[in-house]
Amino acid sequence: IFIFFLSYSRVQKIKSYDTFILIVISLLFFSCSSEKAKSVVFGFLPILTWLPSYPLKQYLFGDIVSGISTGVMQLPQGLAYAMLAAVPPVFGLYSSFYPVLLYTFFGTSKHISIGTFAVISLMIGGVAVREAPDSMFAVNGTNASQVVDFEARDARRVEVVVALTTLVGIIQLVLGLLRFGFLAIYLTEPLVRGFTTAAAVHVSVSQIKYLLGVHTARFNGPLSVVYSLDAVFRNIASTNVVTLIIGLVCTVFLYFIKDLNERFKKKLPIPIPGEIIVVIVSTGISYGMVMSENYGVEVVGKIPTGLLPPKIPDFSVFPNLFPDAFAISVVGFSIAISLAKTFALKHGYSVDGNQELIALGLCNFMSSFFHTFVVTASMSRSLVQESTGGHTEIAGLLASILVLLVVVAIGFVFQPLPTTVLAAIIMVNLLGMFKQLKDIPALWRTSKIELAIWLVSFFASVLLGLDYGLVVAMGFAILTSFVLFLKAEECSGIKIFFFYTSIYFANSDLYVSALKAKLGVTHEVVAGPKKQMDHVYNNGQMNENHTESDSEDDFFLQRLTPIHTIILDFTPVNFIDSVGAKCIKSVSQQLLFPKKTLEDRLVRSG
């Protein structure tokens, strides 16, 4: 927030912000006790809780191997996913360094790999193309035909994407500070899986033109998938054969390596880095054969060496970007927290949803000043980071350092890399998402409502675009919740009784009275063999004149209410004393069970 204020002040040419600084410092140091301040600091910087006790001998080697393996994977994915975000590939490398470095300090998950991700990159690219379309940069060529000023277009798209990233970071940070981590609840698993499968369709369709080497416009919005396929088929006659061969060979090789890693994951010490092998080999061949000039193969192009200086985002475009930024914020957080909880459950630690929101917000917000685009957790890299022995966030830190070394020292090496290779990397990495189609028969057998949510999420996102599709899917999921609530029916003869506190001598009578009041019991069972009763309930029917000839067991077999099952919910009950236990036993005898079988049928819980 402080960095944002300084940036805004600079843009607005506000020189005197010392008053604001004093107010912030005063609030931090004078509004809470030292213990609370310490708790806030440790909660805000989780690294302080585990780094001092980091076991070097047990964890360091695994984190080093994991960091190198993840970094090697992060390099080609960063270059590839920048294409989806409609920005030059080098910005994918920036996005693979700054946010990953920051997450080490602010994140609570020990195993997720923060960085570029296909679904988020595609959503970003849609916004960039909408705000800076090719038509805005059309100029007249020498032959009177219109050409596009690609340099000016890319520069503007980078500005839009950076501003979008800043806004996403602000939204996530604010939501985290307001404790809105529960938002992920409304993105149910069928909704997210249907949405990401639809995103995989969008991504695959967008990469076909790079795989074939044809030039078409990039479409966005409703029916963009249909328009993109139509444009590719209309221009399929201009396919570059060399580009197609390179792309197909890389796709087959990557699929083979991926399958090999999956089959022998228990025997291989680390996964075979197929992606970096493909990148290095294809870059070398492209450079040696001068494919860009001799065969017309499209390559990555200029990659500046070193890091760019920080720059203040363009705040003027914020109003146009807010709806997209909010959708990207929620989707990015949902993906990250889902992966984080999965690994936390597997390895026996906990993650804080609100702190994860804050961490993602800081990663996106602070990194945006250094020309990055929105990041979240990557499923494929997270699996590699965990399976290669990563124990803590140190693995992610080492991966970011590896990316930094490449950017600073040898980034120019990747300039001859064919873009069809990046398309192959993207498409092979989408195989895991397409496997989610297996959810359909599984949900058909288990839950038709969840199947409906999955299908609506998928088809709405494919046909309407990811932004509108997400809105429709969330609306439908909420609607199904209301419908289920309205259709809920009480099971005849079953009651659940919930008590909000412990049961002990002071409130045991109150507990029994409240239970009987809810069940409609208006009298007590009277012990003794020759006692006349005015009335009792027998399976819902009132019987009168219970005479002394009835035995005690017969009497207990007659239920006092039309209810055959009572569930005592003891979720908030953390203590029961002997008086409370006797009262519960007594009321159980009175209401439900024959005396002679009481001990066998009484179910104890606590």
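Here the Cβ of each residue, glycine as well, is placed from N, Cα and C on the backbone.
Quick caveat, the model's predicted, so the values are computed rather than measured.
Features of the protein shown, as given by TrEMBL:
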- 484-606: domain 'STAS' (DOMAIN)
- 82-106: transmembrane segment (TRANSMEM)
- 112-129: transmembrane segment (TRANSMEM)
- 160-187: transmembrane segment (TRANSMEM)
- 236-256: transmembrane segment (TRANSMEM)
- 268-290: transmembrane segment (TRANSMEM)
- 325-345: transmembrane segment (TRANSMEM)
- 357-377: transmembrane segment (TRANSMEM)
- 397-430: transmembrane segment (TRANSMEM)
- 468-486: transmembrane segment (TRANSMEM)
Which residues of the chain, 6 or more past the ends of the transmembrane segment (468-486), have a CB below 8 A from one of its CBs?
186-188, 191, 194-195, 198, 222, 327, 331, 449, 452-453, 456-457, 460-462
Give the one range among 160-187, 236-256, 268-290, 357-377, 397-430 whose Cβ atoms make the most pairs under 8 Å with those of the transmembrane segment (82-106).
357-377
Intrachain residues whose Cβ lies under 8 Å of the transmembrane segment (357-377), provided they are six or more past its termini:
3-4, 7, 44, 82, 85, 87, 91-92, 94-95, 98-100, 102-103, 106-109, 112-117, 120-121, 124, 158, 161-166, 168-177, 180-181, 307-308, 310-313, 328, 331-333, 335-336, 339-340
Short question: most Cβ pairs under 8 Å with the transmembrane segment (268-290), which of 112-129, 160-187, 236-256, 325-345?
236-256
Best-contacting stretch, by C-beta pairs under 8 Å, relative to the transmembrane segment (397-430) and drawn from 112-129, 160-187, 236-256, 325-345:
236-256
Per the 3+ Cβ pairs under 8 Å rule, pairs at least 6 apart in sequence, do the transmembrane segment (112-129) and the transmembrane segment (325-345) touch?
yes
List, by number or range, the same-chain residues at least 6 past the transmembrane segment (160-187) whose CB is under 8 A from its CB atoms?
1, 4, 85-87, 91, 124, 127-128, 131-132, 311, 313-315, 317-318, 321-322, 324-326, 328-334, 337-338, 352-369, 371-374, 474, 477-478
